[in-house]
Amino acid sequence: MNKLEVNNLNLFYGDNHALKDISLEIPARQVTALIGPSGCGKSTLLRTLNRMNDLVSGVTISGDVKFEGEDIYSDVDVKQLRMRVGMVFQKPNPFPMSIYENVAFGLKAQGMKDKKQLDSIVEESLRGAALWDEVKEQLNTPAFGLSGGQQQRLCIARAIAMQPEVILMDEPTSALDPIATHKIEELMDELRKKFTIVIVTHSMNQAKRISDKTAFFWMGELVEHGETSQIFNQPKDLRTQGYVSGEFG
Amino acid sequence: MDTVNKIRTSELQLAQKQTYDWVEKGFHLLFLCSAMVGVISVATIAWFLFHEGLPAFQEAGVSELILGREWLPPALFGIFPMIVASLISTAGAVIIGIPIAILTAVFLAELAPKWLADIVRPAVELLAGIPSVVYGFFGLVIIVPAIETLFNIPAGNTILAGIIVLAIMILPTVITISETSLRALPSVYKEGALALGASHIYSIFKVLVPAARSGILTGVALGVARAIGETMAIIMVMGNAPAMPGSILEPARTLTANIAMEMSYATGVHASALYSTGIVLLVFIVLLNASLLYVNRKRSF
């Protein structure tokens, strides 16, 4: 069962053809890694999946993106889409408020006021992001007091508090040290049981370690996609082979 | 490249430390002197105000001066009505002007289409450049008669007229600084909030405005300082009666107006009392800045 389906997607930034005729299926409850050199369009594709590109002016899109069979670029409520397709960014971006308020933010934005219910979702989400034990004594302190790795797990907790079905991750560990990275990767192994994960990564080792499926992008094209083991061990395309073996990119 | 090679090859060893780097030190001194101009000015102004104003406090008594309700030089020097007038006109301007200014800043930074922002922004900047005497003129011709008609009172030169003129005058400062600090926010705040399914407006009020809080507060403080220090426009629209106002539909005289109107002919204790009016103004500004520092430090995340 495919959670997300991209069909013949073309995306332009003004005249710049950033995504060229992309077709890709993203299966449910698996980790799909998008890899490729900088500027290849992998982050752009990720941002079409929850319509974050809407914020950029001058973007035109053709083709379609289907979430559970429904075209997300037709007349859908973007806010609902984003609740169901959560996102974690490259740099940890907690809001300037307390840890608790960060996790409760999305729920409160939807008008949830019941303190008990909020409390329990905040705890559950922080546990789900493997952060609860570290912060349970300081829920009301500013989120900026946390380390970078903790902040990123807080952002994951904030995303899973919305009980999304998909979590998009845009190089979630590129700003973190190896130990914090390891923790996030361990966490992703847990998250894949409940969520569909799409991750953009620059680290081929990370893609190899955590993903089930891998898609390789090159200059706006989707060159090759398939099982991660196949992409890394028997790539069909020469460009894929060159990239995963570290010859360029 | 040649120069680099020459330096490299001609001196294989690291050069000896120069005895004294005149250029470096010279610039240090230049920066220091520039920084001192502001400090020395403020110190001089404070010293001069206290030097001239303290005799009035000694002569008339601190409480008689600050809490006295009658201003009848050369006998009585009570400036309490003027303190009240200054505070009320400033507070009124803040209550009306700040929300408008912050909403405008949000509109310019987040909501306005580019073509509209390109009209609103220059208009606001132009507002900043208009001399206060022109504001006073505008108040006198438009606002004062409007108040007369609206409230059916004989003279529209009232605190309310002052409040409205001041509210307009503080707009450009607060708008410009707030908009700049909203625009300076990294885009990740907005993206993060929207990615959680929050609406644009909710994100603005719950994330962006709080994140830009310290910049916005700086704008507010500058606006308040402008309002409390404004003289010319206030003299033109507020009626300037030195008595205790009973409501905002009565005329009143602010601290600044008091100094400006009487300085030309005051002598002796009277003149000194005007300087002490200046001291009170200075104290207000210091309190304002201190409370801004305090608020910014207290809740900075």
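Positions of Cβ are set from backbone N, Cα and C atoms, glycine also.
As annotated by TrEMBL, domain 'ABC transmembrane type-1' applies to B:83-292. The transmembrane segment annotation in TrEMBL covers B:27-50, B:71-88, B:94-112, B:124-147, B:159-177, B:216-239, B:273-295.
The transmembrane segment (B:124-147) makes no contact with the transmembrane segment (B:273-295), as judged by fewer than three Cβ pairs under 8 Å among residues 6 or more apart in sequence. Residues 56, 60, 64-65, 159, 163, 228, 238, 242-245, 248, 252-258, 262, 266, 268-270, 273, 276-277, 280-281, 284 of the same chain, all 6+ positions outside the transmembrane segment (B:71-88), place their C-beta atoms under 8 angstroms from a C-beta of that stretch.
A contact links the transmembrane segment (B:216-239) to the transmembrane segment (B:94-112), because at least 3 Cβ pairs that are 6 or more residues apart lie under 8 A. With respect to Cβ pairs under 8 Å, the transmembrane segment (B:94-112) is most closely packed against B:159-177, considering the stretches B:27-50, B:159-177, B:273-295.
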